[in-house]
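TrEMBL has this to say about the protein:
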TRANSMEM  43-64  transmembrane segment
TRANSMEM  76-97  transmembrane segment
TRANSMEM  109-132  transmembrane segment
TRANSMEM  138-166  transmembrane segment
TRANSMEM  229-252  transmembrane segment
TRANSMEM  272-289  transmembrane segment
TRANSMEM  310-330  transmembrane segment
TRANSMEM  350-367  transmembrane segment
TRANSMEM  374-391  transmembrane segment
TRANSMEM  420-438  transmembrane segment
Amino acid sequence: LLSCLLFAAIGRRQRGPYMDEAFHVPQAQAYCHGRFLQWDPMITTLPGLYLFSVGVVKPAAWLFGWTGSVVCSVGMLRFINLLFSAGNFYLLYLLLFKIHQKNKDVSRFQRVLSTLTLAIFPTLYFFTFLYYTDPGSVFFTLFAYLMCLYGNHKTSAFFGFCGFMFRQTNIVWTVFCAGNVVAEKLNEAWKTELQKKKDEKVSSRKGSFSDLIRILQFLVQYLLSPKNLVTLIALTWPYVILVIAFFGFVFINGGIVVGDRSSHEACLHFPQLFYFLSFTTFFSFPHLLTPTKIKKFLLSLQKHPVQYSLITVICLFLIWKFTYVHKYLLADNRHYTFYVWRKVFQRHELVKYVLVPVYIFAGWSFADTLKSKSIFWILMYFLCLLAVTVPQKLLEFRYFILPFLIYRLNIPFPSLYRQLLELAFYIVVNAVTFYLFLNRTFQWPNSDEIQRFMW
């Protein structure tokens, strides 16, 4: 109900297409009128959003007797994302229930509270009210993940394909679903290996360097066995087919991007991982930025000074050699990233290096909250995180939505106090962002159009 009221308020203030809607809305309207061969070359994603919209709006128009411009109006198309938002709420609840089903201490109220918090995650929730690909992309990816956890891998791969049709980088989360299956088998085999050697100390000293070397040796040995590879392919074949089809698409298309490629060039932008960790720490501060964690981190620093010194040197090198600044980031003052970059990173040339201790703490705290997961799950998630963030040249908070949600779904349930604090924080952030969008408008000198602040 609150979302519907907010939807109506935004629809009244911003009736016409805004920002990327200027490309998405006409394209969807062309599909509505049966012009399926018409394509705007400025659009970089596949037509999943437009096909789905037509599939919903056209039968609804026939059912309710709608005619004329109302059928595929801006408001009607935006309403599709409101439906996706409701679907995401339900999927998040089911995922929390499935992932934490062994935790009997978590009450139904806490599950609903966490679901509500994640459903109004500010970066995602904002785009519920505009005709963007994000809510649909999240919906199909979460659905694929849920089906994977239930063992319905053919259905999972199908929804993974739907997610890919909304945004090509979602193929990474198809690999993540396959990785879940692989990580489970590896974990079983690793436990058997430990049992054989009767060496229970290895599993208890989780995180030590020698253990990591042993695990990597086991991993290489396991994956080099043809028998094990055949078993894994037999378990994950629906995902394998989808990934092969993806590589076929990239080969035929000449790249992952359709349409305008000049502004979406892939590169090795390693600091994107640091930006993601900072973003996650900001939005999960009740879980990641606690006095206990800070104290634990400082003790870890004292214990392993050589390792942290090496990590610092690597971070400094990656920032020095692999920092890219996209032209959109410097030119478009409607996005919050423009102000983050100008107010923080452009203060001084050394700021990006000074932030390294913040990144290291964020990374340590991030990994610490995932220690309840198996080492193979963590490795698999980390590889997917690298694949989805590092190739992006543009610093764009929307690219962090899915890796953040999957991370947040998999951390242990926090205390009720922290859950309430997180929910209150999201409500405040949403209130501020919607207030700025609706009321703090401005104009560019060379344009009569009203401009608004947004993620």
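Placement of Cβ uses the backbone N, Cα and C atoms for every residue, glycine included.
Automated prediction, rather than curation, is the source of TrEMBL annotations.
If you look at the transmembrane segment (138-166), the same-chain residues 6 or more away from its ends with a CB under 8 A from one of its CBs are 45-49, 51, 84, 87-88, 91-92, 94-95, 98-99, 124, 173-174, 176-177, 180-181, 235-236, 238-239, 241-242, 245-246, 401-402, 405-406. Tertiary proximity for the transmembrane segment (43-64) is limited to same-chain residues at least six positions away from its ends with a CB under 8 Å from its CB atoms, namely 23-24, 27-28, 31-32, 71-72, 76-77, 80, 83, 131, 133, 136, 140, 162-168, 257-261, 263-264. Among the stretches 229-252, 272-289, 310-330, 420-438, the one making the largest number of Cβ pairs under 8 Å with the transmembrane segment (374-391) is 272-289.
Residues of the same chain lying 6 or more positions beyond the ends of the transmembrane segment (272-289) and with a Cβ under 8 Å from any Cβ of it are 121-122, 315, 319, 355, 358-359, 361-363, 365-366, 369, 385-386, 389-390, 392, 395, 397, 400, 403-404, 407-408, 411, 414, 418-419, 421-422, 425-426.
Under 8 Å from some Cβ of the transmembrane segment (420-438) lie the Cβ atoms of residues 6, 9-10, 13, 113, 116-117, 120-122, 125-126, 283-287, 414, 452-455, all in the same chain and six or more residues away from its ends.
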